[in-house]
């Protein structure tokens, strides 16, 4: 492309501090350096993790460009890039896969050491490619997709099928893959089992879809927003409950409902209290509980160790346990083969400049997933 090797001026949604609104700014995006890729974003989803930065519950430096769930087209590549080329359709990866570190080389690992889940805010060489009003702007989780153009390390880019529709396939960059994988890959839900899913947002519904795909016979959705129940039933939940409708602890409610046979529970909210509730709700001898929701930074969890001593398994899950560069293209292929329907998760599609409206839909509970298009 004729922009290769040049600074690109474009629009981006910049956060200048916590609890501040997005500001649509003119920014400059530098050319990619060695082993880097510059991508033109086509569509990007709004995820609750982005809101953690706004609220200050996830550590970040400012100013920053958040967003991490997207599909784009490679505009140009730096030296030594071998896996993608200009014109390729790609998904940015908030969880990279360098294929060299211990977690990448271990068949059970996926948390690459190049991951930036702690707010470092720069690329692998320690610098940023974004500038706004003469100031450097931080990257977010190796991605930064709330911008017309972004720069990523090659290890944070997965080439996908050119036929994949960006406004749907972008969900594979985070929300869908995280939830679906939590059920089929991390928990390894068994056929005929009973599952309980705490939180019925986009990721929680993806967990429900994964439980159904794995053959669970009973899938109980749990949320304080009853407006989400019908969508949960549509994607595979067998019943839904609101904890506020009961005076008993939710673990006792689930035990009464199922005869104490809940084998798998999933916390998809990111609240410390519900993490313990989910653990308490699975069977004490053979139950597995998976933490899927991103926890708040610098918070400590307190729980009764007897919950684990009696035989429960407590697991964490980042990006559904998938190895990103290897598995994302496969998930896109499965989507194109209609093995799952991403359209069920999308409630709103808005132009990028309406990003603030998209977050208001999230806050009000009206949206499952809002996708921004460019």
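The backbone N, Cα and C atoms fix where each Cβ goes, glycine too.
Summarising the annotation, Swiss-Prot assigns Zn(2+) 1 binding site to 47, 68, 174. Residues or ranges marked as Zn(2+) 2 binding site by Swiss-Prot: 98, 101, 104, 112. Swiss-Prot lists 199, 200, 201, 202, 203, 204, 223, 228, 292, 293, 294, 369 with the feature NAD(+) binding site. As annotated by Swiss-Prot, N-acetylmethionine applies to 1, with the evidence given as a curator's inference.
When other Cβ atoms within 10 Å of the Cβ of residue 223 (NAD(+) binding site) are tallied across all protein chains shown, the result is 22. For the binding-site residues 98, 104, 112, 292, 294, the ranking by surrounding Cβ atoms (within 10 Å, all protein chains) places 292 first. Residue 47 (Zn(2+) 1 binding site) has a Cβ environment of 26 other Cβ atoms inside 10 Å. Among the binding-site residues 98, 104, 112, 203, the ones whose Cα sits within 10 Å of the Cα of residue 174 (Zn(2+) 1 binding site) are 203. Those residues of the chain, other than 47, 68, 174, with a C-beta within 8 angstroms of the mean position of the Zn(2+) 1 site C-beta atoms are 45, 49, 50, 67, 69, 94, 141, 143, 173, 175. Cα of residue 201 (NAD(+) binding site) to Cα of residue 98 (Zn(2+) 2 binding site): a distance of 30 Å. Closest to residue 294 (NAD(+) binding site) in space, going by CA atoms and restricting to the binding-site residues 68, 98, 101, 104, 112, is 68.
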